[in-house]
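Enquirer: Below you will find the structure I want to go over with you.
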Amino acid sequence: MNLHEYQAKQLFARYGLPAPAGYACTTPREAEEAASKIGSGPWVVKCQVHAGGRGKAGGVKVVNSKEEIRAFAEQWLGKRLVTYQTDAQGQPVRQILVEAATDIAKELYLGAVVDRGTRRVVFMASTEGGVEIEKVAEETPELIHKAIIDPLIGPMSYQGRELAFKLGLTGKQVSQFTKIFLGLANLFLERDLALVEINPLVITTQGDLICLDGKLGADGNALFRQAELREMHDPSQEDPREAQAAQWELNYVALDGNIGCMVNGAGLAMGTMDIVKLHGGAPANFLDVGGGATKERVTEAFKIILSDENVKAVLVNIFGGIVRCDLIADGIIGAVEEVGVHVPVVVRLEGNNAELGAKKLADSGLNIIAATSLTDAAKQAVAAVEAK
């Protein structure tokens, strides 16, 4: 679960991380009042969306008057911002962040993720701030410096100092960076985060370090014990279908194709998408109903898939292990009858009670295409789309 920049900076403040004075605003009037609270300009106004590339899309602007702030707020509040990280519809702008402008001498990068290889939280720092860290990692990996956090010990001051020296910091900047490093590490661990980025972490013309931007991603599996983070959830930034799927504990990701896929198991779901692509099709989604699929969840999965107007056929690929194929068949029949499916449905069942499930589908009298293998299922789904 991602947080907005203004929410990230609210948490930064609690952990002693310096950031520009700022306020999140929902109306043009609030934005003007925020400028008055901050003091004299210039100010920076930023659209709050869960996507990068805001600046290039016009969603970040340096302004010198309250009239410009009002104009920016009127331009963007209630509208949608399209960046290279969004789809063609963009993300809705419900708040803008008004904050004091900062005189920048140099831009740095500081971030942390969970490294699956070492099973540790890994901090990354670089002198190449203000650009995508993925690009730096690909083109100049030697410019990324790392610190691995031992889960039994936690973050140590010496790790912060080591990173500071590698970034070329001197004097008071070393102690400032170490404080930021320790605060960010404690924030990451105590709040069950999966990602944190300060990009850029800037050195001002006065020589001080300031967190100019903030990006936080919370571990969705830990939200049950992070009540405050749950309250920060902004469903407007999610695909409505993905949000609906989450309520039913379905793993759904919307894609750009036209063949809806319903599969049990993430690995099988990815394999199904691959083989659809191999035979000339384009998956409309990733959808894993999981090992505990019920008739109700299968019905809901169908509703979610068919709510995508681009879907021209549905491919159901079930390997019965924990889940019984006959229960899946009941769910498919119930969904087709309830929703009124008007696109071809191709079903491949294997494993636990597969024969019983296939018989139920055959006896239902519904227009369901039975597949003998995964390859056959993919070919039939692609053919069904091409025939429409």
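These residue numbers are counts, starting from 1, taken along the chain as shown.
Backbone N, Cα and C define each Cβ position, glycine as well.
According to Swiss-Prot, the domain 'ATP-grasp' annotation covers 9-244, on the basis of sequence analysis. Among the features that Swiss-Prot reports, ATP binding site is placed at K46, G53, R54, G55, E99, T102, E107. Residues annotated as Mg(2+) binding site in Swiss-Prot, with sequence analysis given as evidence: N199, D213. According to Swiss-Prot, the substrate binding site annotation covers N264, G321, I322, V323, on the basis of sequence analysis.
For each feature listed, report its degree of burial, its nearest neighbours and the pertinent distances within the displayed model.
Expert: The Cβ of K46 (ATP binding site) lies under 8 Å from the Cβ of E5, R54, G59, V60, I96, L97, E99, each of these being in the same chain and 6 or more residues away along the sequence.
In this view, N199 (Mg(2+) binding site) is surrounded by 23 other Cβ atoms within 10 Å of its Cβ, with every protein chain counted.
N264 (substrate binding site) falls within neither a helix nor a strand when secondary structure is assigned with DSSP, and so counts as coil.
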Enquirer: Might you list, by sequence position, any residue in that chain lying six or more from G53 (ATP binding site) with a Cβ less than 8 Å away from its Cβ?
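Expert: Listed in sequence order: T83, Y84, Q85.
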Enquirer: Assuming the binding residues for ATP are exactly those in the record, K46, G53, R54, G55, E99, T102, E107, what is the maximum CA-CA distance in angstrom, rounded?
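Expert: Pairwise Cα check on K46, G53, R54, G55, E99, T102, E107 gives a maximum of 19 Å.
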Enquirer: Between T102 (ATP binding site) and N199 (Mg(2+) binding site), find the distance joining the two CA atoms and give it rounded to the nearest Å.
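Expert: About 14 Å separate the Cα atoms of these two residues.
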Enquirer: What does DSSP say about V323 (substrate binding site): helix, strand or coil?
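Expert: Note: V323 (substrate binding site) is coil by DSSP, not helix or strand.
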Enquirer: Could you check which of the binding-site residues N199, N264, I322 is the closest Cα neighbour of G55 (ATP binding site)?
Expert: N199
Enquirer: Rounded to the nearest angstrom, how far is the Cα of E107 (ATP binding site) from the Cα of I322 (substrate binding site)?
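Expert: Rounded to a whole number, the Cα-Cα distance is 52 Å.
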Enquirer: These are the binding-site residues: I322, V323. Which one scores highest on other Cβ atoms within 10 Å?
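Expert: Result for the most crowded candidate: V323.
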